Amino acid sequence: MTEQKYSLDEIRIRLNELDDNLLQLLSERRKMSIEVAKSKVQTSKPVRDAEREQQLLVKLINNGLDKYNLDAQYITKLFHTIIEDSVLLQQSYLQNLANPELSRKPLARVAFLGAKGSYSHLASREFFSRKNTELIELNCEGFKEVANTVESGHADYGVLPIENTSSGSINEVYDLLQHTTLYIVGELTLPIEHCLVATEEIRLENLTTLYSHPQPHQQCSEFLGRLKGIELKTCASTADAMQMVRELNRPDVAAIGNASSGKIYGLQPIKGNIANQTENHTRFIVVARKAVEVSPQIPAKTTLIMSTSQAAGSLVATLLVLQRYGINMTKLESRPIMGNPWEEMFYVDVETHLDSEAMQNALLELTKITKHLKVLGCYPSENVKPTQVQLG
């Protein structure tokens, strides 16, 4: 038997020291990322430099293998996260320069669905965490209330979920966008980690009642289908579901929520990994009364809504305009137009700046061949594509 050189307590003390050193280094690296952004203001270079990122990763992978016995996959995964954070920090800095009136506001009133601990609440905090803005949080009971709270001036921003990788598009939000006067000013993709939470550790067969928002219910349908004899009750948000379980304080009741938010309500996870898909993400949009300026150095998205005539090939004609100008479409969603049977409104996300020559030329052509066309917003793309590495 190998003799232990250090006691477990000594090992843990050393690990804590190393972890603290890592946090300090990550903090220093973040400060340097801001310095990089400042230098790019002078040179007008884009935030992302694919060649530089690839060279950095190759060097780190080789050093990790040769000097520290760290495998390539571990280093790649770690630095993809660090690079993503650096890119988003630089984008936030440049956006503040492009919108100085927003950066001067120390407070932001943000409306979202549900109470503290809802996924919309978590998305709100995540989005504004890079903007050094203190939040006044306004929880709402429905998506329409979120939009109305911003439109009325009682909130500066609204955060709305718009699509999920498991359950698809959130139609109620798309329908809201058809009639709102608000603009999309940002986006965020949040990992969704559903689990069952309850007041105490219990066996699944002892559950009689389960509370959930309709979206998590749909995203966990396969797991829920295997539960027998359980009454499913709908709540306005995941936070409301967890709050209900806390108030009932019964050992036979649980909610679909997430572990971190469950702690807010004194609940503990009793079953994890219950979603239909292990990679479960929700995309949120941030809306405001005024559109934002997007720095040309930042990758941007533009969202349009349009309707076409019912003549054969009308929709195809609009999409060919985008193709002709080399504009990449990332989303196409259709929704019925209320009061106009068999007519549809199309929502289109494209990866380009609204002010780019290609987009302006495309809009001129689209205006001529559509019945209705509106720009819902141009905003920084939060989708940081991982740097591809080719090792020789």
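Every residue gets a Cβ built from N, Cα and C, even glycine.
Among the ranges 8-35, 120-147, 288-315, 344-371, the one that TrEMBL lists as coiled coil is 8-35. Annotated substrate-binding residues in TrEMBL are R12, R29, D49, E53, S86, Q90, and among K40, K67, K77 the one listed with them is K40.
The least crowded of the binding-site residues D49, E53, judged by other CB atoms within 10 A of its own CB, is D49.
The secondary structure of T282 (site 'Essential for prephenate dehydratase activity'), as reduced to three states from DSSP, is extended strand.
Sequence-distant contacts (6 or more apart, same chain, Cβ under 8 Å) of T282 (site 'Essential for prephenate dehydratase activity') comprise Y119, A123, P161, E163, N164, T165, T189, L190, I192.
Summarising model confidence by region, the domain 'Chorismate mutase' (2-94) averages a pLDDT of 92. Around the Cβ of R29 (substrate binding site), a 10 Å sphere holds 13 further Cβ atoms from the protein chains shown. S86 (substrate binding site) counts 22 other C-beta atoms within 10 Å of its own C-beta, drawing on all protein chains shown.
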